[in-house]
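Feature annotations, courtesy of TrEMBL:
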DOMAIN    252-540  domain 'Sulfatase N-terminal'
BINDING   GLU260, THR302, ASP476, HIS477  Mn(2+) binding site
ACT_SITE  THR302  active site
BINDING   HIS417  substrate binding site
Amino acid sequence: MFSKFKKKMKDPAFKKKFWIYTAVIAIFWAKMSFVQGGIFTLDVENANEAAILAFNPLSSIFLLFGVGILLAGRKGLLGMYILGSILLYVNVLFYREYHDFLTIPMLGQAANLAGLGGSITDILSVTDIFLFIDIFAAVFLLFYLKPGRLQSFLPKRKEGLILAMIAIPLFLVNLGWAQTERTELLQRAFDRNMLVKYIGVLNFHAYDIVLQGQTEAKKTFADSNALAPVLNYLNEKETEPNRDMTGVAEGKNVIAISLESTQTFVVDNTLNGKELTPYFNDLKEEGAYFSNFYHQVKQGRTSDSEFMLDNSLYGLNRGAAFFTHAGNEYQATPEVLGEEGYTTSSMHANDETFWNRNVMYDSLGYDKFYSKEDYNVTEEKSYGWGYLDEYFFSESLEKMEEMDQPFYNKMITLTNHHPFTLPEDKKFIEEGNTSSETLNHYFQTIRYQDEALKQFVEEFKKSDLYDDTILVIYGDHFGISENHQRAMGEYLDKDINEYEQFQLQRVPLLMIGEGIEPQEHDTVGGQIDLRPTIMNLLGVEDENPIQFGQDLFSKDRREMMITRDGNFANEKYVGVNGNCYERETGEKVESEQACAPGFKEAEEELALSDSVVYGDLLRYLDEIKMIEEKDSSDKKKE
Ligand code: GP9
Ligand code: MN
């Protein structure tokens, strides 16, 4: 074969054609390498990884160009060149905002992506033009450079097929090589940054397409038997809630307040000597405050935190369950409390369609959703993402005062959202002076949110509701992504390594109400634990056995918090990306054994929770309950 090729290369026309192919592939390869190595921050740890990263674009380029030629010759090749460039650029923009890669389910959320709103200018850069000028070079090479004298570059379909075929061994080499760094890469692909580091961003999209197909098949082929392993696992892990607290808030209203992008590092912290959250710092003395409580969200952000609050199931690794699985059967908190005579609602002054809430809330059993159109939103009272928190809070309180009691109501704030901008007269402290504008502004919006919270809680205390209500205040997820690690290090005056980055995923949780003793708790927990904790306080017999959380007040808690990336924190350790640290000191633990059980448990638990959501397994709960009831009545008869 090689000698045939050598012979062909003697033909000057063929030779030029060959060099044109090489040049076009090389330019795209260079661009993709620049994007992957220079724009994405993929944590390349050694020379082998750097070499894999440099090699991995090749197979996808061969496939892309080969298919282009097969479909439409020279034009097809150029078409694919442009398409590939656009895809790369979309990923660049998405990455700058989310530090993550697009997945197919995310594409179904175009409305949300448009909500990037004020932040779009933040993620565009003038130099991005350079990511497109190579297209002119490709046009020149393919259409104007005449190989041979008069004849132009005309790729044959057969050549397209050859390119596409070469992609296969190239990919196999890539995969084998990547597996020297991480075994079972594709099976254990929790972390998209890691996946892109090893197989490249375009191959990642191909992989994502395969995952999508599998996901759809999962529901079609699921049956009630799939519930058995989930029930077994949960039975084995079951912990007794704190019985001293069962029903201390029986019949009371619940107000859950989701604080946008609020991380624990702001609590009791200052900027230029001024507290960032002076009100919250005092308020937390009035209730149960959890200092080792983590958010567990992924691509679904706020909606993932809501998903966990109401279901005690994990959100998904790709996309947002609020979009992809809004049609599932659930037995969520609002539905269960509704049956206990509660009025249930959610309040959020944004468009009702954002995160598909208008659809998902019906599935979760909410009686009412107060969205933007239910508030007196005016331009003067809005900024950035919309209605300012102070107005949202005061109008919401009026609505609650009119509500039938008892009620379960969730309020979701908005102002402290990226890009963290505020009108001048709402800035109560100076901006920060770190190297990140985002972080500098975040301090101000956090401070503003605290003021809005103060005004709400103080009014609420004066209202009739106060004695009959418990407040559950929690942060929905991080606000400062790891793109701003350096600035965060400047502010906190320490180096932000992966352990610190993990610990920064803590969000505040505060519960206030009669029967809840004011106390700081250091138990390790996460958003998955909210539902069982609230239900125990209310003394409601929650008959849905498919819940992965545990009562945060329980005396025999299995201290464990699992993130969507398969990382975890338990009583002793923090396990991040295969590495192990002492949880309290951050000291690296060299023994692999220390964290191995934690990683294993995380993997198993996430897979089981996913099987419930992907298989829509809660639709079989009634069937299972009926069988159980029949069994126990049969036993009684015997
Ligand atoms: C939008 C609000 C913010 O309605 O919930 O969403 P986020 O971007 O934080 O998920
Ligand atoms: Mn949010």
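Glycine residues also receive a Cβ, built from the backbone N, Cα and C atoms like all the rest.
Since we're looking at a predicted model, the values are computed, not measured.
Structure coloured by features recorded in TrEMBL.
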residue: GLU260; record: Mn(2+) binding site; CB count, 10 Å: 23
residue: THR302; record: Mn(2+) binding site; CB count, 10 Å: 24
residue: HIS417; record: substrate binding site; CB count, 10 Å: 24
residue: ASP476; record: Mn(2+) binding site; CB count, 10 Å: 25
residue: HIS477; record: Mn(2+) binding site; CB count, 10 Å: 23
THR302 (Mn(2+) binding site) in three-state DSSP notation: helix
Alpha-carbon distance [HIS417 (substrate binding site); HIS477 (Mn(2+) binding site)] in Å: 11
Structural state of HIS417 (substrate binding site), classified by DSSP into three states: coil
HIS477 (Mn(2+) binding site): secondary structure state under DSSP, collapsed to three categories: coil
Cβ-centroid neighbourhood (8 Å) of the Mn(2+) site, GLU260, THR302, ASP476, HIS477 excluded: SER258, LEU259, SER261, THR262, HIS295, VAL297, ARG301, SER305, ILE412, HIS417, GLY475
PLDDT averaged over every residue in the domain 'Sulfatase N-terminal' (252-540): 97
Nearest of the binding-site residues (GLU260, THR302, ASP476) to HIS417 (substrate binding site) - Cα to Cα: GLU260
